[in-house]
Every structure is written in C-alpha cells, then in structure tokens.
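Worksheet: the structure to be examined is printed underneath.
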Amino acid sequence: MSGKDPCKPFACRIQVCLRENNFQESKCTSVINDMKECCRKWKNLSYVCQGMNLDTETDDQNERQRK
C-alpha cells in the first residue's frame, strides 16, 4: 500500500486514549468504534486495519440494542 493511510489517525487516537486512561479499554470505546467505522470504509487501503474483526457491530450499536 502506498500513500497516506486513511485510518492511521484513528489508531493514534486509540493509543493516546488508552495511555491517558491507564489502558482501560472501556474508557476508549468511542475512539475504538471510530476506528472500526474507518476500517469498514477503508479496509482495502488501510494498513492499520489489517487483522481487525469488522464483522461485529460497534460497542455503541450493541449498547443501544440492549436498552
């Protein structure tokens, strides 16, 4: 893949969020879901999306369905 990775900024935001929240994923669900959405759109062009499971719904969608 050449060029700029469209989802790399999202991956960086996840790292920042995890670091700022003592690596508690539950505090970073919104940025993780943003990354998943980016990967759904750009998975064929994004190196950082390789290996992500995009078959599952986002945590926000799951939470809304539970209510």
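Cβ coordinates are placed from backbone N, Cα and C, and glycine is handled just like the others.
Under the heading disulfide bond, TrEMBL lists Cys7-Cys38, Cys17-Cys28, Cys39-Cys49.
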Within the chain of Cys28 (disulfide bond), which residues six or more apart in sequence place their C-beta under 8 angstroms from its C-beta?
Ile14, Cys17, Leu18, Asn21
Per DSSP (helix/strand/coil reduction), Cys39 (disulfide bond) sits in helix
Cys38 (disulfide bond) to Cys49 (disulfide bond): how many Å between their Cα atoms?
9
Among the disulfide-bonded residues listed here (Cys7, Cys17, Cys38, Cys49), identify the one with the smallest other-Cβ count within 10 Å.
Cys17
Long-range Cβ list for Cys39 (disulfide bond), cut-off under 8 Å, min separation 6+ in sequence, same chain only, gives Cys7, Ser46, Val48, Cys49, Met52, Leu54
